[in-house]
Amino acid sequence: MNELHDGESSEEGRINVEDHLEEAKKDDTGHWKHSGTAKPSKFRAFIRLHFKDSRKFAFSRKKEKELTSEDSDAANQSPSGAPESQTEEESDRKIDGTGSSAEGGDGSGTDSISVIKKSFFKSGRKKKDVPKSRNVSRSNGADTSVQREKLKDIFSPHGKEKELAHIKKTVATRARTYSSNSIKICDVEVGPSSFEKVFLLGKGDVGRVYLVREKKSGKFYAMKVLSKQEMIKRNKSKRAFAEQHILATSNHPFIVTLYHSFQSDEYLYLCMEYCMGGEFFRALQRRPGRCLSENEAKFYIAEVTAALEYLHLMGFIYRDLKPENILLHESGHIMLSDFDLSKQSNSAGAPTVIQARNAPSAQNAYALDTKSCIADFRTNSFVGTEEYIAPEVIKGCGHTSAVDWWTLGILFYEMLYATTPFKGKNRNMTFSNILHKDVIFPEYADAPSISSLCKNLIRKLLVKDENDRLGSQAGAADVKLHPFFKNVQWALLRHTEPPIIPKLAPIDEKGNPNISHLKESKSLDITHSPQNTQTVEVPLSNLSGADHGDDPFESFNSVTVHHEWD
């Protein structure tokens, strides 16, 4: 996928290098000249590929003017008063061709790049035209003979092919850093055989999730293994690409972290952060009454709102919010997972800053309008969990990002009352309740005590008409500016102690959970040998010999996302 590759024009870089390697020739002086068919900017692109890290090289603009002058007497004169060195920033600007002109620049000493650059563009220059003053040096006075030899090797017949292959590999694997500057995508060798299974965490209709240990580092991960055959059979192939893309491009504390993705002949693999707290749904089941107090629920709803805001800013609609898809980090904070039902807008817009007329506090007076990022995006897919499906999805009239705010209201209600507001005896009754019934807040003796602001927020999130629903006009800004969240410090959510702190397994000396108390599942095919089990299980070794013809997963890229905190 193009989105996972380097944002720079790597193809253009490759073409330029090949052109110059073919056109570069050696003249009688032992220097290098060019055929004159390429523009100077192409040479700069070539030089940057080789000397990207050599920031101490400097150009002498006055020297360059003299060396390229037709008057040989002027060329033989040495510049006076030239500074000994040049700052790294000035050198970089001149390598880019964005520095001062030859007429207006200050002399600063020449180097091997200057000489090659001038002889490279001076096509047809003969030996007698070459100035006698050829004593070149680095700005710091060091000898450049090593650099000369390196460049000669580059342009030698044997060096051309070798260096071109090296440059292609460098350009292809150049790291992409996202706007947050905290994650990069790099090319590394990792595959199913790099991990060993430990335990089965869960399973679905097209795959399973395992706790795995990386053999090299000993770190634990959650490995999602998806069957290609089942995805094709159930027409869910595109969902794997959507999930990989969202996970690989997202960088948010409340969204699960992706580390590796790759494939074998039979399976797709998504290697993600192992959330030791498990499913949020399980944590709710262990609470008294299987529910939370209003203040406890407010904390988690605020974190989910922040995660949805980020997804909408990225142009994604989540569409599958429910307790089972929320994981608990070991710190107790939530992490959204399972993005296979998510949808991305093809024409995501830019967010706008809005000011609330009746802001609950000065710190919440301004917010980002996330609706503007996906304002014109509608989809007609009938997806979601039955009790969480929005009315517009049931009607089949298409839906927008407003469905995420409907599901947020259902989730909030379930946190407080341990049930969903429109649940019926069967699917048809549930859908009928969603379409026609208003939300009811129980008032029995042991019913939770809920404030009027809390009820007001839930009612506004569960408005049947998506155009009148809270969040339909300005997205997350509408929700965050509701008076119920008056005292929430959104920027400090990650540093607030959660109501539920998971009880974790003991930690070993390497900081990994001690899982010696867990019994290995008999369904796991650790030996990868069919003779040892009658149940066909997912192997974690690369399968071979399968011939799928037209493979719809051919473009499922192998990606490793490196995080700065690793």
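Placement of Cβ uses the backbone N, Cα and C atoms for every residue, glycine included.
Quick caveat, the model's predicted, so the values are computed rather than measured.
Feature annotation from Swiss-Prot assigns compositional bias 'Basic and acidic residues' to 1-31.
Per Swiss-Prot, compositional bias 'Polar residues' is recorded for 74-85 (among others).
The compositional bias 'Basic residues' annotation in Swiss-Prot covers 119-129.
What Swiss-Prot records for 134-145 (among others) is compositional bias 'Polar residues'.
For 195-485, the entry in Swiss-Prot reads domain 'Protein kinase'.
When Cβ atoms from all protein chains are considered, those within 10 Å of L201 (ATP binding site) total 18, not counting its own. Residues annotated as ATP binding site in Swiss-Prot: L201, G202, K203, G204, D205, V206, G207, R208, V209, K224.
Positions annotated as phosphothreonine by Swiss-Prot: T379 (among others).
Marked as phosphoserine by Swiss-Prot: S381.
Using a 10 Å radius centred on the Cβ of T385 (phosphothreonine) and all shown protein chains, the other Cβ atoms total 17. According to Swiss-Prot, the feature phosphothreonine maps to T385 (among others).
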Coarse DSSP state, helix versus strand versus coil, of L201 (ATP binding site): strand
Cβ-Cβ neighbours of V209 (ATP binding site) (radius 10 Å): 21
Cα-nearest neighbour of T385 (phosphothreonine) within the listed binding-site residues, K203, D205, G207, V209: D205
Near-site residues: ATP, ref L201, G202, K203, G204, D205, V206, G207, R208, V209, K224, CB cutoff 8 A to centroid: V225, L226
Overall pLDDT of the domain 'Protein kinase' (195-485), taken as the mean: 88
Lowest local Cβ density (other Cβ within 10 Å) among binding-site residues: K203, G207: K203
D205 (ATP binding site): tally of other CB atoms within 10 A of its CB: 10
